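Taking it in order: structure first as structure tokens, then the write-up.
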Amino acid sequence: MKYILSIDQGTTSSRAIVFDKHANIKGLAQKEFTQIYPQPSWVEHDPTEIWGSQLGVITEALANSRILPNEVDAIGITNQRETTVIWEKSTGKPIYNAIVWQDRRTAKICDQLTKEGKDKIILEKTGLVLDSYFSGTKILWILDNVEGARQKAENGELCFGTIDTWLLWNLTQKKVHATDYSNASRTLLLNIKTLEWDDELLKILNIPKAILPELKESSTIYGETDKSIFGAEIPIAGIAGDQFAATFGQACLKKGMAKNTYGTGCFLTVNIGKEPIINHERLLTSIAWGRKKTVTYVLEGSVFIGGAVIQWLRDGLEFFRKSSDAESLASSASDNGGVYFVPAFVGLGAPHWDSYARGTIIGITRGSTKAHITRAALESIAFQSFDILNTMKKSIPNFEIKELRVDGGASQNNLLMQFQADLLECKVVRPKITETTALGAAYLAGLASGYWQSAEEIISLWQVDKIFEPSMPKNQKEKLLENWNRAIERSKSWIQNSNSL
């Protein structure tokens, strides 16, 4: 019997999951790693710690599954996107910490480029808004702020990669420096129409082409693990950024299908087929995956703070000991008591894109309790997702959402899922296997290795766990949305001095 090993390198933890042919989980392991906050709005990770934690959980997951490395048919990698690592080619040593997707330090660089009109060129070529969220300005910052980095980059002595590339480099012991189209489409450097690194974009961001990885399809053989690591050479056969892997794992393989992942942030994607739609409503067009010599595009809205707001209530305010306790606490209040929570801790993502917004809890009275604030925090996740889907409806011709497939840790929260169905006025469907990000990476790897034969086989493996039907009266929903919109306007442009970022 053979299995697929999925590497799921996330924002707060490294995970590894072993799947069998029926997409059942045979074993898994997870390890949290250090979040580094050198200054307000700066977020970093130690790339060496990421690699070490990932290696540890792979070994543990295989042990938990009671399988040997030579029983693994192929490895799939999925990863937090945009997070940027630059390392020395000769030593493999990072020259700076990984700058995380949440990091806002390059907001001023983006402002300056926007003043110069570069945002329009970037949008047309990449499908992305010009924002510090993406890798491009993070690379620029490292090259300009680490001593000697720019000269080394010009000399071809450095490698850039998103986390998938960093893991691939280490798994193959420096043999493979590559990425897939989905991760590349989040760098501000890939032309999503030509599927090539774009010279004009590289010039705008002053980034030498020599540091960039090779571009490959998401479902293809990248190379093999070095024998020194697991004692076996295992094919690495699938790579996709986390939200794109989740879209694949949710079997949203047909045009018009939508999924929302409720993780650290929220990420709502709609499959828009084989042709990109460049969106002018501040949503993102990206490549979801490339396979069989074609690419599939998605329209995406990204919420920076989703489930992380519950982590903050747990760790920052100590409202409860476990994140899973949030639902029972929130349910102890019949409604939000007039409290609205805009968790703009690092600014606002789609469709607002305001780096200068900050968190707001509004509507508090003497009668407000921990339960009201927790409920408002949970509701904020659904409100932000509603804002995105509402914008998508305006952006995609004849788009009508019939169901939203959901996954991620917070999708286990029934209160949140019901509230989401009520706001969207559509079915919210949770699958039996909610590890859809890891599963998507496994599917991409297994299709490339021949473990699974076709997309139809993947679709047949998807199964429903629970369906949430909308039940809220329309006038109640409209009042909630009206107050949410008032709250979100209060949070915008809070920081007036950009040096405070």
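Placed from the backbone N, Cα and C atoms, the Cβ positions cover glycine too.
Annotated ADP-binding residues in Swiss-Prot are THR11, ARG15, GLY307, GLY409, ASN413, and among THR59, THR264, THR365, THR369 the one listed with them is THR264. Among TYR37, TYR133, TYR222, TYR297, the residue that Swiss-Prot places alongside ARG81, GLU82, ASP242, GLN243 at the glycerol binding site is TYR133. For the binding-site residues ARG15, ARG81, the ranking by surrounding Cβ atoms (within 10 Å, all protein chains) places ARG81 first. Neighbour counts of Cβ atoms within 10 Å were compared across the binding-site residues GLY307, GLY409; the minimum falls on GLY409. Nearest in space to GLU82 (sn-glycerol 3-phosphate binding site), taking C-alpha to C-alpha distance over the binding-site residues ARG15, THR264, GLY307, GLY409, ASN413, is THR264. Cα-Cα distance from GLN311 (ATP binding site) to ASP242 (sn-glycerol 3-phosphate binding site): 20 Å (rounded to the nearest whole number).
With THR11, ARG15, THR264, GLY307, GLY409, ASN413 listed as the residues that bind ADP, the site has a largest C-alpha separation of 21 Å. Recorded residues GLY307 (ADP binding site) and GLN243 (glycerol binding site) have their alpha carbons 15 Å apart, per Cα-Cα distance.
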